[in-house]
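Heads up: the structure comes next, in structure tokens.
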Amino acid sequence: MSIKILFEMFPIALMFASPIIIAALGGLFSERSGVVNIALEGIMMVGAFSAATVTVLLEESTVLAPWLGLAAGLVAGIVFSLLHAVASVNMRADQTISGTALNILAGGLTVYLCQIIFRQQRTRAFSNGIQKVTVPLLEKIPVLGRMFFIENYPTFFLAIFLVFFTWILVYKTPFGLRLRSCGEHPQAAASMGINVAWMRYFGVMASGALAGLAGGIMVLTADIQYTLVTIHGTGFIALASLVFGKWNPFGVLGAGLFFGFSTALSFYAKDITFLASLPGEFFYALPYVLTIVALVVFAGKSVGPKAAGQIYDSGRR
Amino acid sequence: MTKRREKILLPLLAVLLGFILGSLIVIATGRSPVAMFAAMVKGFSGLDIINDVPWNTRYIGEFVINAMPIILTGLAFAFASRTGLFSIGAEGQLMVGSLAATAVALLVQAPRFIHLPLVLMASILAGALWGAVPGFLKARFNVHEVTVSIMMNYIALHLNNFVILNIFGSQDKVKTAFFPETALLKSPFLQSITRGSRLNWGFIPVILALVVFSFIINKTTFGYSLRAVGYNKDASRYAGMKVNRNIVLSMMIAGAFAGLAGSVITVGTFNFGRAMSAAEGYGFDGIAVALVGGNEASGILFAGMLFGMLKSAQPLMQSQGIPREIAGIIQASIVLFVAMRYGIKMLLERFKKQQAVTADGDRA
């Protein structure tokens, strides 16, 4: 593989990686608090729809429209994820079923609203999504400058910031310790005076905010409008990154970058001699195959939160 | 409430709540819920309760077509559920089933009474093999079947597209060549009595599947040991049951039902193999069907017809100016309400107690 192609791949790989990383961080908050969230896909759809809609409706009045769109995606993600929180915390629903319901609901609701607002099964196309930036000074750094700071989407820097932010919040603060304790042994956490229900609400809402934001980023960088297939399984790849990254923010970063590159590779494979013979479908399927392999390799080692997926019953010991 | 009554009443309540929520959304977005319900009635009966147009039996045929695959994916989800497994893999199992059906339909040449059963068997086998993967990984490595089966769905999608686009000399970018008549479930007779709908013999394997499901679960020692594993793994192991073997077999049989759904669609509803940009949601429909149907054959039949009706009403709703996606919204909210049944039960009981207290207060 020539170095030139590798450099060319960076912006596109980072574009795909950013929403994966951010949504996976969302999953991390939720699962660390003890709520399995397979609704990341659905939340991303809601976030993407909201972001695209706000961008389209505001772009004539302000140049900040895409950024307001991202904010809308984040808020919509929180609101939508509340359904999951109510169902799994208050109503003791099976978290997998509730997540599945949210995924179905997202597909229906977003396209329904597209039909109401735009009279078609997709949003209107926006003329400008988020613009690429070149960072002054940093672009001059040899090698690194070309990889990260020339003509890249600023949302990648946001993803990196969120990785560090999550790491500090979850691993370096008392709050993070309490959050994680709810995902390991909620009864023990409750005995120390931690409000498990509140913590789990926080976890799910944080996942809603991040997955909603990720959906917004995805539609505003990789697409021109929201359609039913805008997210096309990225939420599940985010879920896979969470597993692949062992429920750890830096692991998630690594896994997200890896999956971002494997997506980008499917576009460039035809230019790379030893990959040209492989079909595009091979690269599309790769993240999913690798995740299964990772699951088998980690099997038996307790890497994920122990109580994730369990309904919290204060009477159990 | 007794257990039996509860098992029927709570899903019915969930369905009712789902329809109420759907109607509220339709009203909130300025459309008419009456038109929506009229579309639903027409969707399964062909009768138009608003306009004075003659009875159209084509809708009945299309309604059955829509119900068939989701009854099968419902059986798939329910079968794994009975062993305490949560399989989201029906989507992928259906897709490899459909791929296998396509392969046998195009590559084998035989008279219909050999060719068609071969097509159906191929899809059943492919689905079972695809289901065996999460089953084996669960049994051998204790890897969670939910994550694995989600991943298997996407692998199936891309495998299907790769094979369809590269191997069977596709006509255009999405279809294979048409299948020979000998591979099809098509029936000119059924089409003629339903005014040219796509109704076909697919309902026969569906009914057989319902019977087989009910028989295995309720009447065989094997089914009993599956249910025992579902209730309590450790106790079953202690009683000498082969827990790991049961997990793999359960996932395989579940996969077989979903695989069959693949051929019912591919050689029944259609007559060519298809490449797809995304999954079509039959697997998720199946989860809804199984949950509402209480994981029992009879319940699944009714729930399958309910959601089949919603599906066949979609184009009618669209033509009435109601976005067709309302069907998905209603379905998702029904699933959400069924999932919350424990909480709903608690609320109902608290409400009852309160009423009893106020009634006592009134008397005093």
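Glycine too: its Cβ is placed from the backbone N, Cα and C atoms.
Predicted, not measured: the structure shown is a model, and the values here were computed from it.
According to TrEMBL:
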type     : residues  : note
TRANSMEM : A:6-28    : transmembrane segment
TRANSMEM : A:35-58   : transmembrane segment
TRANSMEM : A:64-87   : transmembrane segment
TRANSMEM : A:99-118  : transmembrane segment
TRANSMEM : A:153-171 : transmembrane segment
TRANSMEM : A:201-220 : transmembrane segment
TRANSMEM : A:226-245 : transmembrane segment
TRANSMEM : A:252-270 : transmembrane segment
TRANSMEM : A:282-300 : transmembrane segment
Of A:6-28, A:64-87, A:99-118, A:153-171, whichever stretch has the most CB pairs under 8 A to the transmembrane segment (A:226-245): A:6-28
Remote residues contacting the transmembrane segment (A:201-220) - C-beta distance under 8 A, at least 6 residues beyond either end: 18-20, 22-23, 25-35, 37, 40, 43-52, 55, 66, 69-70, 72-82, 84-85, 88-89, 126, 129-130, 153, 155, 158, 162, 179, 182-183, 226, 230-231, 234-235, 238
Residue numbers, six or more beyond the limits of the transmembrane segment (A:35-58), whose CB comes under 8 Å of its CB atoms: 19, 23-24, 26-27, 64-66, 68-77, 80-81, 84-85, 88-89, 95-96, 98-100, 102-107, 109-110, 113-114, 117, 123-126, 129, 200, 203-204, 207-208, 211-220, 223, 225-226, 230-231, 233-236, 238-239, 308-309
Listed stretch, out of A:6-28, A:252-270, A:282-300, that has the most CB pairs under 8 angstroms to the transmembrane segment (A:153-171): A:6-28
Chain residues outside the transmembrane segment (A:282-300) and at least six past its termini with a C-beta under 8 angstroms from it: 236-237, 240, 243-244, 246, 259, 262-263, 265-266, 269
For the transmembrane segment (A:6-28), distant same-chain residues with Cβ under 8 A (at least six beyond the ends): 37, 40, 43-44, 132, 146-148, 151-153, 155-156, 158-159, 162-163, 166, 170, 206-211, 213-215, 217-218, 221-222, 234-235, 237-239, 241-242, 245, 247-249, 252-253, 255-257, 259-261, 263-265, 267-268
